[in-house]
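Trainee: Dropping a structure here in structure tokens format, bear with me for questions.
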Amino acid sequence: MEGTGEMREVGRETLHGGVVQSVSETDEYKEKTIDSEKDGQFRVQPRWRKFLAHVGPGALVAIGFLDPSNLETDMQAGADFKYELLWVILVGMVFALLIQTLAANLGVKTGRHLAELCREEYPRYVNIFLWIIAELAVISDDIPEVLGTAFAFNILLKIPVWAGVILTVFSTLLLLGVQRFGARKLEFIIAAFMFTMAACFFGELSYLRPSAGEVVKGMFVPSLQGKGAAANAIALFGAIITPYNLFLHSALVLSRKTPRSDKSIRAACRYFLIECSLAFIVAFLINVSVVVVAGSICNANNLSPADANTCGDLTLQSTPLLLRNVLGRSSSVVYAVALLASGQSTTISCTFAGQVIMQGFLDMKMKNWVRNLITRVIAIAPSLIVSIVSGPSGAGKLIILSSMILSFELPFALIPLLKFCNSSKKVGPLKESIYTVVIAWILSFALIVVNTYFLVWTYVDWLVHNNLPKYANGLISVVVFALMAAYLVAVVYLTFRKDTVATYVPVPERAQAQAEAGGTPVVDASAADEDQPAPYRKDLADASM
């Protein structure tokens, strides 16, 4: 950056056929700007049509709240602690809505998604580190999808779980093949299956009629009593708030034609907030119903010995037990089909999130089937080993562990997001409310403290009760505390590093750039602030939907 006050604008890139190609500003303007007739049509659209144009990103993100990892952690929480951990779901959903809204707003305000902004802001070695963490988050989230799909095959085809794990490779390739006929139709079908499962849990809930007072108490009175409550709470939190969703959401909003005036950007942010809120409320109710159903059935006084054993080690394989009052003998088949759809729906979002992360951090892209196959093969390795060695019980514990890992990885996506949302160099005058930023930082700091405390407590407990020689414990302790120190140093670096790259372009400079690019000359800056649809990210529109 040369000269005081001079602002550096980082050029954009268009993706064609999996190859990254740089284009000039003139070509970009011509390719991405629609004609004046459509401009006029856009300006006279009623608000409800403008809102419908923004529907999609929040719903696609919310579908991830019904994936196998959420179902597993919800059922474990309900079976082990009844309604005690409902408050974790409430806090997690509020926090998720807050940060997902910030991610969507960042994309709308900057015209770039979170991974691209990280690449432009941080040194290369930091970007490589953040990219590895983000890819590990995608893989960690794909492990439950592998195991969930394997459990579905186990129920439907009566094959071992490990054989179902292997079949997930072919199911994924089949899914990507079907996706060629229209991703929107495929998403609709999968959502229909998943809401069928939600209807089953709601029906079971009406049959059981749990105590409203106990449910309300569990939702609004925080409590972590009993062995393993903290671990379950962290797993619940990690299953709800996944790091890759921040990258995904900030990219999905770029597939909508959002006008570039400050007024229209704020309106688009409101539309995305409403859409996201509605989707998250539905997801919240479904997650609560799963916990309440599991808690009511597994903590009933008249539970048979066989059902008590099942509840003592509840997995995705044994979930039909929770739905037999509503579905009877067909509960296994209906649940397995819904579980299969649940795993495959998150596969779609994981695949696109992986593409966004790779393109953003490394400025490269690969074909969807190659990207998905690589991620799936890496996720299959631990899933296959655990399912062979420990069976369904070990597979269920691996799902919980992967959710906990996601919780530890969250700060490396969350901290850059919070800093960019309140940076004048990134969003100019479109900063978030100071109250929103303060609340988000407080919740993020609390999450980091809880994660660090849990990690130390878990390791110390293991250290006290294991039977390894003293020298082995010493070596392991050195490695563990070195990793913890590195974790904290990285968090501190991201938190206190000052932004140096300015990417926000004020209205007057946008007007000048438009004139220089060959567009209609603009007499003054206010003329550039009209509600005219601006260039949007066609590469993201094609990839996401």
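A Cβ is built for glycine as well, from the same backbone N, Cα and C atoms used for every other residue.
Note that TrEMBL annotation is computational and uncurated.
Dumping what TrEMBL says about this protein:
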- 48-66: transmembrane segment (TRANSMEM)
- 86-108: transmembrane segment (TRANSMEM)
- 128-153: transmembrane segment (TRANSMEM)
- 159-176: transmembrane segment (TRANSMEM)
- 188-208: transmembrane segment (TRANSMEM)
- 228-248: transmembrane segment (TRANSMEM)
- 269-297: transmembrane segment (TRANSMEM)
- 333-353: transmembrane segment (TRANSMEM)
- 373-392: transmembrane segment (TRANSMEM)
- 398-421: transmembrane segment (TRANSMEM)
- 433-455: transmembrane segment (TRANSMEM)
- 475-496: transmembrane segment (TRANSMEM)
- 515-545: region 'Disordered' (REGION)
- 536-545: compositional bias 'Basic and acidic residues' (COMPBIAS)
Trainee: Thinking of Cβ pairs under 8 Å, which stretch from 86-108, 269-297, 433-455, 475-496 has the most of them with the transmembrane segment (228-248)?
Mentor: 86-108
Trainee: What stretch, picked from 86-108, 269-297, 398-421, 433-455, has the most CB pairs under 8 A with the transmembrane segment (475-496)?
Mentor: 398-421
Trainee: So are the transmembrane segment (269-297) and the transmembrane segment (86-108) touching or not, going by 3+ C-beta pairs under 8 A with a sequence gap of 6 or more?
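Mentor: Contact between the transmembrane segment (269-297) and the transmembrane segment (86-108): present.
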Trainee: Are there residues at least 6 beyond the ends of the transmembrane segment (398-421) whose Cβ is under 8 Å from a Cβ of it, and what are they?
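Mentor: Same-chain contacts beyond the flanks: 68-69, 72-73, 76, 99, 102-103, 105-106, 110, 114, 117-118, 121-122, 130, 133-134, 136-137, 140-141, 143-144, 147-148, 231-232, 234-239, 241-244, 246-247, 250, 316, 382-383, 386, 427, 431-432, 437, 440-441, 444, 447-448, 451, 455, 487, 490-491, 494-495, 499.
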